[in-house]
Every structure is written in C-alpha cells, then in structure tokens.
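Q: This structure is in structure tokens; I'll ask about it shortly.
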C-alpha cells in the first residue's frame, strides 16, 4: 500500500487547520469582549454605589530607586479624607500610648530578670534542675524584651528614605526575624516549665537531670523548626517591606499555630496541676478556707509562670479583631506580656524562701568578715600606738562554722 508524502498531507490538511484555528481565535476574542463588557458594567456599578470622593486633588508619593524600580514604601496621606484622618489620629494616639506602656514594662522586666539570673547563677546551693529551667525561662524573657526594644529603636532609624534602602530593608527583616524567634522561644520555655512541673507532680519516678537536655532542645531548638520555614516562605511569597504586615495569612499561621498550641497545652497542664494540688490539699484534711487559700495562692503563682493569661484572647485571631475588641485585646496582651517577666522574677526569685535564705546567709557572712576586719584593725592601731610600729599582717578571711563551708552535693540536690 502506497503512503502519501508528508508534504502532500500537510498541503491538503492546511485549509482545515486554518479554519479550526480561525474559529478558535474568533471564540477567544468573543469571550474576551464579553468579559470586558461585564467588567465595565461591574466597575460602573461599583463607582455609582461608592461614596463621593472626599479628596480629588491629592497625590500618592512613591520613591523611585537608583535601579529604576519603585520602592515598596508609599505615602498616601494626601488621599485620606479629613474624617478618616481624625479616626487615624485617634488610633495612632492609642498605639503610641500602648508603645510607651510596653516599653516601660519590658524595661522593668529586663532589669529584674538580669538581676534574677545573676542571683541564681551566683549561689551554688541554688544550682539545681528546677532553677536551671527557671534561669533559661528568665533568659528567654530577657531576649524577648531586648529584641522588642531593639527593634522599636531601630525601625525609625531604618526608614526607606536612607541612602541604601536595600540595606535598611535587610537589617529591618533580620531584626523582625530575631524578634519572632525570641517571642517563640519564650513561649516554648513556658511550655517547658509546664511540662517539668506536671512531671514533677504526676510522675512517681521522675529523673530531673536525665530530661534536662530534652528541655534545652525543646526550649531553644523548637522555635527554629517553624521560624526558619516562616523566613523562607516570607522571602519566596511575601517579601514586602519589613515583614511586619501579614497579608498572606497562611504564612503568618506558620508561626501563629505553634504558639497557640503551646498556649493550649500549657492551659491543659495548668488545669491538671490544679486538680492534683486540690486532691493533695484535701488529702491532708485541711479546713475549707485553708486549702482554698493555698489553692488560690498556687493558682496566682502559676498564671505568670505558664502564661495562662494569653488563653483569654487566644481564640480571637487578628482577622476577626476589629474596633473595640481589637484594642481591648492589644491592651490586655501588651500590658500583661510586657510585665510578665517582672512578675516571674519576683515570684520565683526575689520572694523565694530559698533565695532569701541564701542572700541573708551571705549578708551575715559579709557582716561577720567585716566585723573581724574592724576588730583586727583596732587591735593593730592599739599595738602600733603602744609599741610604735606594727608588723605587716596578711588577713585571710575564712568563714566560721558551717556557714563558710562550700555547698556539698547533698545540699545542691536538695534544691
């Protein structure tokens, strides 16, 4: 059977192909025209239904960078109506006052936490797993406060009107990333405190030292598991401005979801711990008022330690918070979160009986050494006045009795 040449087949089929292609182009053009007419009608309806423009002569300013690309920053203040400008000024006033409040709170917390870390790391008898976990929690609060205060200090000076906007953006995004990591690490260490406390109360055979490395990995390594994917997603899909706006909510939930999970788990641990404490207090057959008082005291001390206050507005996400609810949520979270480090350092260091006992013992030891030095100095003065000259003496201060002895391993483990 003879096969026709390919060129002959192409020539014979060319009119058919051209006709099909022309029909496809005609249908595509008709569809495009139909959609354009529909869009024009929708646009005219939207313009007719919209309120009349309050500003007709305003301009939007945008920076043209050296490479010919538009900068991401835009100034559209000239296009805002006077009524909305009044509302914006009220909102700006509230936000500025909130910034002052949390700046004061984080500053007090930072000073108290640094002093608490110094105290717990100085006295050897306070070195145990429980206080090591407290110290890491204090350090996470320090990092959180320092990162937020540093970011707020850098942002006004890293505006996009600098000589090198790209460098300013890079520095700003690094500061934002460090802040997100520090905030996440603070929440994971709150979770570590909850897990450790629950294990201590609920498990009969619980080894503290064996799990400390796991606590370290969870507290400092856990945030990297979701902060790094967040950075990659922001760089690939939402690499705009200083990464402070979360327009793509799916990317924001990469960080938000683990934090909400830690808050929820800590709340469940908090409820379980209260049940255990209530059962133990009832087992001692205490009076009703006594065990209620002790339970209330335990509850109040656990709230800042586990961050239970964040449960109040945890179901209210940013997309739903508007108007008064939004500002109530901001005021509540900012006020308590900024002073949380101060509360924790006071409850678990400054008014802790073991810490106070060690500080009192060290103070008495210093007073004893000082009194011995004063007595020696007086005796030397009498000797020099009676004999005319005094030999050079070297005084070595040694603790007396049990107070001058170093902490034994048994005393450390009793912590």
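Quick reminder: no glycine exception, Cβ is built from N, Cα and C everywhere.
TrEMBL feature annotations, pasted as is:
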- 1-22: signal peptide (SIGNAL)
- 98-352: domain 'G-protein coupled receptors family 2 profile 2' (DOMAIN)
- 100-120: transmembrane segment (TRANSMEM)
- 132-150: transmembrane segment (TRANSMEM)
- 188-207: transmembrane segment (TRANSMEM)
- 214-232: transmembrane segment (TRANSMEM)
- 252-274: transmembrane segment (TRANSMEM)
- 295-314: transmembrane segment (TRANSMEM)
- 334-351: transmembrane segment (TRANSMEM)
Q: Among the recorded stretches 100-120, 214-232, 295-314, 334-351, which has the greatest number of Cβ pairs closer than 8 Å to the transmembrane segment (252-274)?
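A: Answer, by Cβ pair count: 295-314.
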Q: Looking at 100-120, 188-207, 214-232, which one has the highest count of Cβ pairs under 8 angstroms to the transmembrane segment (334-351)?
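A: The listed stretch sharing the most Cβ pairs with the transmembrane segment (334-351) is 100-120.
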Q: With Cβ-Cβ distances below 8 Å as the criterion, list the same-chain residues six or more beyond the ends of the transmembrane segment (188-207) that contact it, or say none.
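A: Counting only partners 6 or more residues beyond its ends, the transmembrane segment (188-207) has Cβ contacts under 8 Å with 129-130, 133-134, 136-137, 140, 215, 218-220, 222-223, 262, 265-266, 269-270, 272-273, 276-277, 302, 305-307.
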Q: Using a Cβ cut-off under 8 Å, which residues of the same chain at least 6 positions beyond either end of the transmembrane segment (100-120) come close to it?
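A: 126-127, 131, 134-135, 138-139, 141-142, 144-146, 148-149, 152, 334-335, 337-342, 344-346, 348-350, 355, 359.
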Q: Grab the same-chain neighbours of the transmembrane segment (295-314) for me: Cβ-Cβ under 8 Å, and only residues 6 or more beyond its ends, written as numbers and ranges.
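A: Contacts with the transmembrane segment (295-314): 187, 190, 193-194, 197, 260, 263-264, 266-267, 269-270, 273-274, 277-278, 281, 329, 332-333, 336-337, 340, 343-344, 347-348.
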